[in-house]
Amino acid sequence: MFSILSTALLRDTPTMFLVALSFAYFSKALSGSYMKSTITQLERRFDIPSYLIGVIDGSFEMGNLLVIAFVSYFGAKLHRPKIIAVGCVLMSIGTFIIALPHFIIGRYEFETSLRWVVNSTLNPSPCPLGSPADLTQHGCVQTISVVGPVFGYLLGSLCAKIYVDIGFVKMETITITPADARWVGAWWLGYLIAGVITLLSAIPFWFLPRSLPIPDPQGPEECTPEQTRFIKDPPLLKHKYPADENTTFIEMAKDFIPTLRTLLGHPVYLIYLCVTIIQLNSLIGMVTYKPKYIEQHFRQSASKANFLMGVINIPAVALGMFSGGLLMKRLKLNIMGAARFAFGTSLIGYILSLFFFAISCENAKVAGVTLSYNSMDRISYDTHSLFTTCNSDCFCSASDWDPVCGENGITYVSPCLAGCTSSSGSGKNTVFSNCSCVGVAGNFTASTGQCLHKDDCDRMFPYFLALSVITSFIISLGGTPGYMFLIRCIKPQLKSLALGFHALSTRTLAGIPAPIYFGAIIDTTCLKWGQKRCGGIGACRIYNTTAYRIAYLGLTLSLRTISFIICIPGFILLGRQLRKEERNAIHGALANGGTELEALRKEEFVISNSDQSQQTVDNSTARETRL
């Protein structure tokens, strides 16, 4: 049975390898995108700021650093399918480890003054009267390759709707909703699912042969115009170390440093590397915090933000990359044309992105944070006090975040700070009464949760989505031409190392640092920090949305501006390189033409001598006949 299976695998190996590799890319992309979809969940669950979440997100790329360049270099000389299988198993184990903290730490306890009271009409007063010392006791107690992110964000949307401790607590005792800034979804569940999928993707590679069958070489007449334009090298290259040759590790390693030095001495490749690193910094930072931007700026739930990323943004990117490949084929672009096309689409997307600054949404009205207790009609970001005469009789904590919505449409940080002295009901249905800060008469009420006031946000949000889809599509149009430019500008024997070093550099200088410094800059726009139970600053509860928008969009577009400036010398050097290659090609053609002409002359000379000899023989024969 095993021999029959092996024979079938060998016969269908190219198809099997393609399917297995596609599945592996899918699982990797799903895991990576799911990590980004859980950012706000992890912030709230572990009470950590955005920059630290950036460290966690960047660590997803750190495992590649020690091996990626060497794998790309030695991969062609070792058993590639088994190397891929080992990588999938390691990724699966790492994904399971990410979910492990959920099972080894206690249940999630969010900040609240509400308690679930069964069969009782006696609710504790939200306005405690007594010594402030009584409040100091708190216990100490993260196109196939494009399809993957679609499912990753959809999985994130699904898990964000499920409460983090589902199955461990009674859901009727939970007094918050997914729209609450304290809500934490079942972030761990998606990691378990992603880990299983990644583990399954490793199985087919264990049964694949070391190398695939080599197809019959194609002649120039069988190649398409795109192949003759971009792949000018012979289809079968003779490697220094063939895959089936027993070469020692030391022999291969000796050639690594000189090869790398040759690669880095290529000026066009270096500029392309710098441009892509800077643009990926912009892209990774933007994508990492885009769901959070949608949540904070347009007051959408984490579940809806992830859902929109999965069904709108990512498909637009996939369609753009596919369309870019079709346009490249239809327009029959050469290497300079591909570079100009990629630059042009990126520039158009950059110009359109400037309109994001105009799509704004008014910040939430929170007394003592975005509003002054003395002036409730105008939002300001001056330093306000949470304490005023209407709540001076209550010994309230300034560090708690347990928002309530007053009848006047203003959100208060807690029932205590709203001056409420009594409550009725339980859980989500709790109603606070006699809230002195809500009204002058002191008989106004407040309900749990923030006031929504989403009218202006709901009007602007569709414009934001439309512009986001258009810019994503246009920018991704240049993805395929840009990748073809990378492949074509390097000599064939350096392509494998060039791609590996490019991946290593982008992960090191973009994938790791971008989420960290983007998160650190976003943290500077926080207006109200949560408090850890063990002391110290926790996760941010509310941001200055105007400052958030300027910092987030400004940093993204500033990085792209720098990349455009670096492109200028890149085009100059590329033009020189192409002209040099053209001259060399002409000289080579002339040299070949001269050689062919000399051979033709020799052939004519030989034929001429042969004719003269034959004529001499004929003349001699004729004379002999006459005699």
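All positions are counted from 1 along the displayed chain.
Cβ coordinates come from backbone N, Cα and C, glycine included.
Remember, TrEMBL labels are computer predictions, not curated facts.
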>> If I go by TrEMBL, the feature transmembrane segment sits on one of 148-172, 498-522. Which?
In response: 498-522
> Cβ pairs under 8 Å with the transmembrane segment (307-327): which stretch of 188-208, 339-359, 550-574 has the most?
Replying inline: 339-359
> What else in the chain is close to the transmembrane segment (83-105), if you only count residues 6 or more beyond its ends and a Cβ gap under 8 Å?
Replying inline: 21, 24, 27-28, 31, 35, 46, 63, 71, 75, 142, 164, 187-189, 191-192, 194-196, 198-199, 201-203, 205-206
> Where, among 269-287, 460-486, 498-522, do we find the most CB pairs under 8 A to the transmembrane segment (339-359)?
Replying inline: 460-486
>> Before we move on, state whether the transmembrane segment (498-522) and the transmembrane segment (269-287) share at least 3 Cβ pairs under 8 Å, counting only pairs 6 or more apart in sequence.
In response: yes
> Quick one: do the transmembrane segment (550-574) and the transmembrane segment (269-287) have at least 3 Cβ pairs under 8 Å, skipping pairs fewer than 6 apart in sequence?
Replying inline: yes
> Near the transmembrane segment (269-287), which residues from the same chain, at least 6 beyond its ends, have a CB less than 8 A from one of its CBs?
Replying inline: 36, 263, 346, 482, 485-486, 489-490, 498, 501-502, 505-506, 509-511, 513-515, 517-518, 552, 555-557, 559-560, 562-563, 566-567, 569-570, 573
>> With helix taken as DSSP H, G or I, strand as E or B and everything else coil, how many residues of the domain 'Kazal-like' (384-439) land in each class?
In response: 6 helix, 11 strand, 39 coil
